[in-house]
């Protein structure tokens, strides 16, 4: 037998060939946190600007009605075209490289217009500048948030961690803005100093956007995407995911839980005062656990989920914690202490949005994820408007509106159970297939027990 030809051997990275022989996934790349931090800084300035205005409200030359209208201007683009427009622009290959910089620049422009109007005497032209700046800032923020989430979905092994860093940065921006803005204004004796600080923060966000490199698109598709690919007209437009039941289940589940947490966050002081008799200071302190938990836990939870064989277990646990927390507030206020109820809600708030957003990777092909995250944001915006209106109406009628949050959380967990039991390939992180269940405990009943 002739010897093998010289030079016919290929070198492979250590561990790759062994993984192939054992039919195991290749080893993970080392975790790189710096790109995710830079990505999270892109929408940070817009979050910081909007959060700071609530702390500066009493110092601004606006009436209560004008101040409320300004926040409506912030929210208007997010409830209409901003998320989908931002996602479509990011999905365009020629625009992706400049999308983050463009949206950060739009945010800075809107913030500058708004800050200039707020720094002047209240007149018609200054009010027009304030409201125009609010719309422009909202448009840029909507596009920046969606583009950053789409970029985070392209990182491969560490996507849930990246989504967690984005969530933590958003909550940190709101927390830091409310903590720093008023002291800066009082220290300099002029609220315009705080407005200047907001523009400096937005300038840093623009610098971060210019630094972030576009994410690669050569990651292998999810097994669910490979199996579901078809030649429909939706795939031509890059919107095939709109026909996916899994996508709409994730979108509705994500929207329900985000809306529930947002309603609780906005009404938490009134809820705790009504149920437990807390004063304003104590209620605010206990309610602050919710955003603080997201800052501390969201990246860690995402990292743990990335290392787990299935994402179903941590999502299910977090959903159960949300239902338990809201149920305790609604029916067990005399026996369950408020910090325990709010703690369960805070942990769930830190986990669920991050983990549900990470599921988009397994459902939507990489070239359409910007549009997919835009649709998710639009569903959340519409749900936010409806839920806040219904909750406020029930509270005004003297009913017990916290039961509305319990019902929504139960619907959310039901939708997720439908999602995980849809037949999927064994190696999909969405599924509770026999292989994943064997690695997690052997049966759905033992799954939660083994995780605990």
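Residue 1 is the first one shown; counting continues down the chain.
Cβ coordinates are placed from backbone N, Cα and C, and glycine is handled just like the others.
Per TrEMBL, the feature domain 'Major facilitator superfamily (MFS) profile' maps to 246-452.
Marked as region 'Disordered' by TrEMBL: 1-24.
If one looks beyond the transmembrane segment (31-49) by at least 6 residues along the same chain, the residues whose Cβ comes under 8 Å of a Cβ in the stretch are 100, 103-104, 107-108, 111, 114, 137, 140-141, 144-145, 147-148, 151-152, 155, 158, 161-162, 165-166, 168-170, 172-174, 176-177, 198, 201-206, 208-209, 211-213, 303. The transmembrane segment feature in TrEMBL is assigned to 31-49 (among others).
Taken from TrEMBL, the feature transmembrane segment covers 69-90 (among others). Long-range contacts of the transmembrane segment (69-90) within the same chain, counting only residues at least 6 positions beyond its ends with a Cβ under 8 Å from a Cβ of the stretch, are 50, 53, 62, 96, 99, 102-103, 114, 130-131, 134-135, 137-139, 141-147, 150-151, 369-378, 381-382, 384-385.
Look at TrEMBL and you will find 99-118 (among others) tagged as transmembrane segment.
Per TrEMBL, transmembrane segment is recorded for 130-152 (among others).
Annotation source TrEMBL lists transmembrane segment at 247-264 (among others).
TrEMBL lists 284-304 (among others) with the feature transmembrane segment.
Look at TrEMBL and you will find 311-331 (among others) tagged as transmembrane segment.
The annotation transmembrane segment is assigned in TrEMBL to 337-360 (among others).
Annotation comment: TrEMBL describes 372-395 (among others) as transmembrane segment.
Marked as transmembrane segment by TrEMBL: 401-421 (among others). Sequence-distant contacts of the transmembrane segment (401-421) (same chain, six or more residues past either end, CB-CB distance under 8 Å): 246, 249-250, 252-253, 256-257, 259-260, 263-264, 267, 271, 275, 312, 315-316, 319-320, 322-323, 326-327, 329-330, 387, 390-391, 394-395, 430-432.
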